[in-house]
Ligand SMILES: NC(=O)C1=CN([C@@H]2O[C@H](COP(=O)(O)OP(=O)(O)OC[C@H]3O[C@@H](n4cnc5c(N)ncnc54)[C@H](O)[C@@H]3O)[C@@H](O)[C@H]2O)[C@H](O)CC1
Ligand SMILES: [K+]
């Protein structure tokens with residue numbers, strides 16, 4: 001039985017490249033599976049057994065007791081399969097269900113029929129069993145069939161579960177989490193582990209669902225990617241599978257002029273951002289890096305990077321003149337710059353130069369009241385890297401979850417858009433999207449975004465295609481953060497890139 005593990009906050013490589021599906025897409029794929037002749041009850045049995053195997057892998061010492069909370073549908077049906085399998089392994093299993101046996105239908109009714117034990121009512125009193133400890137709770141109330149906020153007894157049970165010392169294992173989706181958006185509908189239990197089937201759902205990777213699902217196991221139940229309608233437009237889990245073939249690695253024939261010449265527009269008031277970005281761009285392999293800045297700022301940039309080239313450039317006109325030199329291959333404007341008309345003019349000059357361009361920080365918020373101007377850029381090799389707040393100011397009218405909004409912004413702007421966060425979403429103007437799942441919380445530190453912008457700049461400058469450069473920059477940023485762990489500050493990140501690249505070179509692609 002193939003189980004792919006994604007431990008919360010750690011490497012997502014086991015699920016990297018997988019489609020991230022909606023409930024509708026999942027149901028379509030299941031129907032294709034059934035149409036190929038696999039009985040739907042066999043799929044439910046496989047799903048239930050996958051939950052048990054995942055529990056055994058996560059907690060090798062068997063639990064004495066289990067409390068299975070079963071909903072009225074097939075998620076509940078899975079729960080009854082789990083109950084029987086655990087009982088067959090000698091576990092003292094108790095089941096509390098949302099309805100009586102006779103009300104179940106279809107596959108769930110078959111699963112209930114196989115459960116010979118008592119079935120209590122699904123209400124807070126059923127949780128008394130947990131007081132005895134050494135117990136696992138199996139949340140099989142709602143899965144992808146959740147259709148409205150939970151309420152009544154279910155909500156009361158979920159609230160009663162909060163703070164329980166017994167780990168909760170969610171079947172398919174933590175009950176109350178919207179599988180398509182990650183929203184909490186009414187209430188949801190905090191799972192220690194979520195076992196889903198076929199592919200990750202968007203609600204497992206988008207906030208807040210990602211925090212409720214915690215460790216995620218994706219169990220193979222026999223579905224094929226080809227069963228998914230519109231596979232090309234379905235988001236993917238970000239990771240090396242999406243970009244490693246495009247990662248620029250030097251060859252013996254390379255020299256500094258062949259590995260790209262990146263340019264960062266530096267300011268005089270907040271040079272730290274430019275210093276972090278330029279260091280990151282060089283660490284990821286940019287052959288040469290020029291900081292274009294007012295003369296009075298030059299000493300800031302040469303302090304600790306003698307390998308930098310620093311050129312005089314006063315405002316947009318100065319940048320425009322510099323960029324007439326065709327040796328520059330990519331530009332970053334906005335890191336450490338004020339969100340004002342001068343910065344906006346610099347962004348427009350850089351965009352007009354035709355170079356690949358990363359727009360970050362003040363370069364983004366300079367367009368806060370003029371998202372339509374950004375929309376005019378219309379080039380995939382222009383990459384916007386807003387955090388959620390900047391994104392909301394740039395595209396205030398967009399509605400829906402983060403994936404929907406990011407994809408729509410990329411379509412409107414005709415650019416590649418990276419909306420940063422614990423659930424960073426990357427979208428290309430062609431509709432391609434990726435959700436990043438492995439950003440450690442340590443990355444939430446000042447300057448971290450400047451390093452990311454620099455990583456993407458450095459990859460662009462070496463000729464990496466924009467979507468892959470954005471996806472790789474986000475992955476490498478997360479890998480560097482994870483390599484350092486607690487106490488991370490932004491200055492550490494560029495210095496961890498060599499180790500991350502070495503580890504990547506040691507891991508042969510499948
Ligand atoms: N054969 C298959 O398709 C497989 C499905 N698997 C599991 O089945 C669930 C999906 O089952 P489904 O019956 O469609 O929905 P749920 O069990 O998630 O929900 C049950 C039922 O509850 C009603 N409902 C929805 N929201 C609420 C609410 N807030 N309050 C009360 N009632 C609500 C609604 O009528 C739903 O239909 C999937 O997640 C898997 O766990 C197998 O794993 C694979 C085979
Ligand atoms: K569930």
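Backbone N, Cα and C define each Cβ position, glycine as well.
Listed by TrEMBL as binding AMP are 420, 421, 422, 423, 424; the candidate from 400, 447, 449 that the record includes in that site is 449.
Record check: TrEMBL places 139, 175 at the K(+) site, and the matching candidate among 74, 75, 245 is 75. When the binding-site residues 175, 420, 423 are compared by Cα distance to residue 77 ((6S)-NADPHX binding site), the shortest distance belongs to 175.
Residue pair residue 424 (AMP binding site) / residue 147 ((6S)-NADPHX binding site) shows a Cα separation of 26 Å.
Each of the binding-site residues 77, 421, 449 was ranked by the number of other C-beta atoms within 10 Å, and first place falls to 77. Only 420, 421, 449, of the binding-site residues 139, 420, 421, 423, 449, have a C-alpha within 10 angstroms of the C-alpha of residue 387 ((6S)-NADPHX binding site). With respect to ligand 1, the binding-site residues 75, 139, 172, 424 contribute 75, 172 as residues with a C-beta closer than 6 angstroms to one of its atoms, given in sequence order.
When the binding-site residues 75, 420, 421, 449 are ranked by how far their Cα is from the Cα of residue 172 ((6S)-NADPHX binding site), 75 comes first. Residues 75, 139, 175 make up the record's K(+) site, and a Cβ search at 8 Å around their centroid adds 69, 71, 76, 79, 140, 141, 142, 143, 170, 171, 172, 173, 174, 176 from the same chain. Neighbours of residue 144 ((6S)-NADPHX binding site), defined as other CB atoms within 10 A of its CB across all chains, total 25.
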